[in-house]
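Written below as structure tokens is the structure these notes are about.
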Amino acid sequence: MMWGAGSPLAWLSAGSGNVNVSSVGPAEGPTGPAAPLPSPKAWDVVLCISGTLVSCENALVVAIIVGTPAFRAPMFLLVGSLAVADLLAGLGLVLHFAAVFCIGSAEMSLVLVGVLAMAFTASIGSLLAITVDRYLSLYNALTYYSETTVTRTYVMLALVWGGALGLGLLPVLAWNCLDGLTTCGVVYPLSKNHLVVLAIAFFMVFGIMLQLYAQICRIVCRHAQQIALQRHLLPASHYVATRKGIATLAVVLGAFAACWLPFTVYCLLGDAHSPPLYTYLTLLPATYNSMINPIIYAFRNQDVQKVLWAVCCCCSSSKIPFRSRSPSDV
């Protein structure tokens, strides 16, 4: 992804802040050798390293879920969707680095920009689906474990990936700024309008997640109070348990906001002439979200930890005793 119209990745025109796309071409141009490939800057290398770490983490999660028959519950399908999306995002960052600095292919770079847009959109959409699943598991606790839940999960996955695919195809098909550099946003070759659409979609998802987590906190507090009364627990015990649950939800939502809000706001405020360094500084935390998602939604789960331990000890995951699971465990 050529992160800014003034970015070193964007092959700057001499004396201007616009992108000279014509400098990316075949090995031999019509009048001689093509321009040399750009040299990566420190932040380009950092993004590539981040993509590598993201790919490795999420590939491990995908392998665990696919290779463990016990992980076929709806909640693990959603976590698997999140891991696949983040895996694609990590691979997209690495391949884009290669496309820009090793191959010099503008066409490949454009396709990878679409892949990254699709992957990050699917990642955020999967986070929303996980939040919806958590809420419904508490709100409809008695009917959650039914065929309806499985059907609903597949519907949510279809909507998430269908929407992500649509937004990812837009820059590849036509909605880009290759022919009109003045319409570029902070991420070349995505147009300003495309970035605005993505930003609005993010704020809608974030608003829904805020509302759902607020409802989850209310339900958790009410359930904890009822359990405390039934078991005659001390108020202090009820308070500690409730506070711990709310703190966990706050960490989950806070991490998501801290990673994505800076870049989303910058997409709305910046344009093609904005300093590319700001794009890197706001985009890098967004990639960290794909890095911490496996920790929050997979590796904290005790059953996943058992599988990891079994793999390290060369044991079969089919022999591992799994406890009953609920979405709140993920």
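For all residues, glycine too, the Cβ spot is worked out from N, Cα and C.
As recorded in Swiss-Prot, the features of this protein are as follows:
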type	residues	note
CARBOHYD	N20	N-linked glycosylation site
LIPID	C313	S-palmitoyl cysteine
MOD_RES	S324	phosphoserine
MOD_RES	S326	phosphoserine
MOD_RES	S328	phosphoserine
TOPO_DOM	1-42	topological domain 'Extracellular'
TOPO_DOM	63-74	topological domain 'Cytoplasmic'
TOPO_DOM	99-110	topological domain 'Extracellular'
TOPO_DOM	133-153	topological domain 'Cytoplasmic'
TOPO_DOM	174-198	topological domain 'Extracellular'
TOPO_DOM	218-245	topological domain 'Cytoplasmic'
TOPO_DOM	273-277	topological domain 'Extracellular'
TOPO_DOM	300-330	topological domain 'Cytoplasmic'
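Each residue of the topological domain 'Extracellular' (174-198) gets a DSSP state, and the totals for helix, strand and coil are 10 helix, 3 strand, 12 coil. Under DSSP, the residues of the topological domain 'Extracellular' (99-110) split into helix, strand and coil as follows: 10 helix, 0 strand, 2 coil.
The predicted model assigns the topological domain 'Extracellular' (174-198) a mean pLDDT of 83. If you draw a 10 Å sphere around the CB of C313 (S-palmitoyl cysteine), it holds 7 other CB atoms from the protein chains shown. In terms of DSSP secondary structure, the topological domain 'Cytoplasmic' (133-153) contains 14 helix, 0 strand, 7 coil. DSSP states for the topological domain 'Cytoplasmic' (63-74), grouped as helix (H, G, I), strand (E, B) and coil, give 6 helix, 0 strand, 6 coil.
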